[in-house]
Structure formats: structure tokens, C-alpha cells
């Protein structure tokens, strides 16, 4: 009888756990731990409305015998808006328990629609609520899917300055259980304007079922611009050069979906023209309002190579590669410059006369010390307008694990042993294949500001350290190796700074082709294409075993010996202080003993 009673109690508990998935607990703590799915292979999806009370700690597990992944979507979350994410949140775990890897967390302050995917056939999510009484509600939709199943035209990368896209099957009904992501990325200096020319999805006040989520950035964790459903033709704008659009559909009520187009808007003010140079291209921006005043339009523009066309939005942009589109490279006194020409093609009404101004824009990028200088001048009927701005070389300095220079060291700081061989590579990021990198000077310092002391590894292209080895010229890469060391009387950190020279590989008299010049027989300041790169810190491991094998062992011992007199002084001072404390203590005790003797009771004399 006792066994039967226990079974009856367990049955009541099991029923109450399952009922909580679709019922509301107005007061008190609900029993909300349950297992979902797994029993019925025909059940591929499920929608739940969870009503939660205060002070809950609920856990649900989704499982399925078939080896398929799970996608769970929290399309509507109503938690206590005044709670902190640490005390009231939703956590999703990859696996059949909360001990699995955490896929992510959501709370009332999240500015995105939480969507998570498992790596296998099980997933667990946990909801914890705070002590405040508040009507909480969460809408959850999950389904099983196979990564091998692909829906055509469902998402993609859009890189042009303008374009269009639509939901799968548009204008026919969209597919069920679709999750499509479009990443829109335009050029730097632009923002994106997205227009929905047609939109028809399942209508719902909170867009819980079929919806579009538009994010202000390159991923679904960027700020949510808007969650859309129903009908309409909204227009949205990003704050940067990236935008992400998501379409999520459930298992019922499919409509025709959406059609959208986007354009790019240049965010900077351009009165007439502007020029900028980077390591691999020149970028010319021409204001659209500048051309009508001269009776031209964008179709009249061309570069030296007329097949290279501009991108047109609210401005006209030429992105000119340094070794394409008719760009002319010039070497003069070892200085490298790149020049191209934008001309306005006239459509004359007569072969004899014209009433249009003859206009051309000449753009030049010249390499300068630690930078590039951009020069632009416009000729308009013998009138020359000059413009110039400054930029920097795009170079980097990095550590690699071996002399193959394939595996980049990602750690920062990088912990090494004394005397360990380190491999360093300087990289020039440019599209010009004829440029070559030369390591002129590489210097080490225990501090990032490279104040004294410093130690030269390479000077004037020559190794100054016995463990240093400079590799031969290799295109856009300058490489060398050396053995790790430490600075005496400093922390075990080392920073590296290298001065890099960039030359034309065809210039046989350039500094790069001279190699090591010990006595500085050339004038480095006359070379304009020069830049600095810094890396660090490199730190020694706490293991001292490498120090015993290092050639720096005598120097380390010397540093320890030099500190011994100072240690003896500290010991002597401590002994004197201790002796003074003892003397003061004895004097104090003696004083109290004397006072006690003076105040003892004495026998009175009898008269």
C-alpha cells in the first residue's frame, strides 16, 4: 500500500511538470523541470508559451534519438525589466544537462532575438527569475534540422554598394522552418539604407511566429533595429557600413514573404572631391552636385583604363588599385609614386566647337616617411586646384612558432623560456607585387615606450646579436630570428620595434638590395618609404630550468651578487629595530614594577 501511495505522488508530480509548459502559475513556485521531445520521431517542432512566477529555477531538456541538430528561437521574452541579467536570465546549454557547454544567455536587456543551435541531438535551457512579482512570459519555438538540408536562396553575403534580395520562393509562399541570414557589407565611410518593397508575413502583435529581424551591424548580436512581421513597406538605416537581415519562419501560415533592396549612403560631406591612399589602392570621392555645374554626369567619367568603372551612390567613388586600371608607377630618387587620371568624356554636338569646360582630375599617391601622402589636382581650363592629406603604411609585426612562418602566435603576452628561438615576421599589406620589405633596425626594450635601456638586434640591416639571423628578401615579408633573453634588473618582459624600409624590387640600387651596410654608407633619411612596427610583450616563463642552460647565466648571477650588499643592509637594520623594541619593553616593565612596589600596603605605626 505504501508503494502504491508513492507511485501516485510521483504520477501527480510528473503531470504537473508537463502541464506547466502551457499553463500559468499565478502564485507560488511552479514545478517546471521537464523533458521535451524524443519520444515521437514524427514530432519535428514544437511551440511553447511559458508562464513563470517569481523565484523560479526551471530546466527543460530537448532530445531526439535521431542524429539531428536543434534550433531554438526565443522570439518573445517578457521578463522583469528592472532585474539584472545576473539574477534573471535564460541560459541555453549544448547537451542533455546544464553541465554542457553554454551556448548563450538572454535576459530582458538583450537587444536581439535569441537563437541557438545545438551541435548534436540534445539541448538544455534554464530560466531563472528574481524575487519581484511580475507577470513573466516567454514564447519558445524549436525544431530539429539537418545541416545537409539547404533551402535555395536562403541568406548570403552582399558586398556591392547596392543590391536586392528576397525570401525563398518569393512571390510564392515561403518555406516552413526556414532560417535565412543575409550579411550586407559596403565600403568604409558608407551607411546602408534598406527598403522593403513588399512584405507579407504572418501577423502578430509581438511577431512571435514568422518574422524578420534587422540588425545594425555585421552579426545577429548587433543592436536590433526592428523586428518585422505582417504587412508594410518599411525603410531602415544602419549607423555603419554593415547590416544583418534574418528571416525566421515556423511550421504554419506561409505567405509570400518579402522583397527588399538596399543602397549605400556616403556619410562624410564632400563639396567637390576628396582623395585618400592606403597600401593597396587610391580612393577618390566626387560629389554628385559637382558634376551638373560643369554639365557632366557620372557616365562621362573614366580612368586611364576605361573598363574600370566607378561605384555610384549619393557620391561617385573610384577605388583605384595601385597596379591596375592604368595606374602609372614612378620611381625618382628612390621615391615611389602612383598616378592615375580621371577624365570627363565630352559628347560634342560639333566636331569644331564646344561649350563645355575641359576638366580632368589627376590623383597621385607618394610614399613619405612613416606615411603616405596623397596629392590631387584638378585642371579646369588651366586652373589647378591642389589637395593633400596624410595616411600611414599598413604594416604589421608578428611572432611565429617555427621558421616555416605558417602558425601565427596568438597569445599576448607570449610566454617563452630563456634562450628559446623566436621567429619574427614583418608584413606589408599591399596589392603592389613589385614592392619588397627590408628590416633596417630592430630594437628590444623592457618597456613599451622604448626608454632606456634598449638592445639592438638589427642595425643598418646587420645582426648585432650573436643569436640573430636575418632571412633573405622575400616580397612583402621581412623575417628574422633570435634567442630569447631578459634585461637585467627589470621585469621579464621584452618589447620589439622594427624600422621597415619598402623598396621597388626592380630598383637594383635601392637600400633594400644593398643588404647589411655596417658603416652606414647610405643616407637612410632620404628614403621616404619607411615605417615602424611594434610587438610585445614577450615574457619569460616562471620555470627557471631554462636559465641554467642559458648563456646569460653568469650575467644573472652577477645581478644577484650585486644585490647581496643591499640584502645585508636590510638584515642589519631589522636587527637594530628588534633590539630597540626589546629595550623599550624591558624599561616599561621595570617602570610598572617600581610603581607597584611604591603602592603596596604598609603597616601603620602604633602611637
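Along the chain as shown, residues are numbered 1 onward.
For all residues, glycine too, the Cβ spot is worked out from N, Cα and C.
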57, 370, 394 - the residue Swiss-Prot records as N-linked glycosylation site:
57
Range among 548-568, 569-589 that Swiss-Prot annotates as transmembrane segment
569-589
Look up 22, 297 in Swiss-Prot and give me whichever carries the note N-linked glycosylation site.
22
Candidate set 67, 386, annotation N-linked glycosylation site, source Swiss-Prot, matching residue
67
Can you give me the Cα-Cα distance between residue 419 (N-linked glycosylation site) and residue 67 (N-linked glycosylation site) in Å, rounded to a whole number?
51
Within 10 A of the CB of residue 419 (N-linked glycosylation site), the number of other CB atoms across every chain shown is 16
If you run through the domain 'CUB 1' (20-146) with DSSP, how many residues end up as helix, strand and coil?
0 helix, 59 strand, 68 coil
So what pLDDT does the topological domain 'Lumenal' (20-568) average out to?
80
Express the distance between the Cα positions of residue 57 (N-linked glycosylation site) and residue 67 (N-linked glycosylation site) as a whole number of Å.
29
Filtered by Cβ under 8 Å and at least 6 apart in sequence, the residues in the chain of residue 67 (N-linked glycosylation site) near it are 120, 121
Translate the DSSP assignment of residue 419 (N-linked glycosylation site) into the three-state scheme.
coil
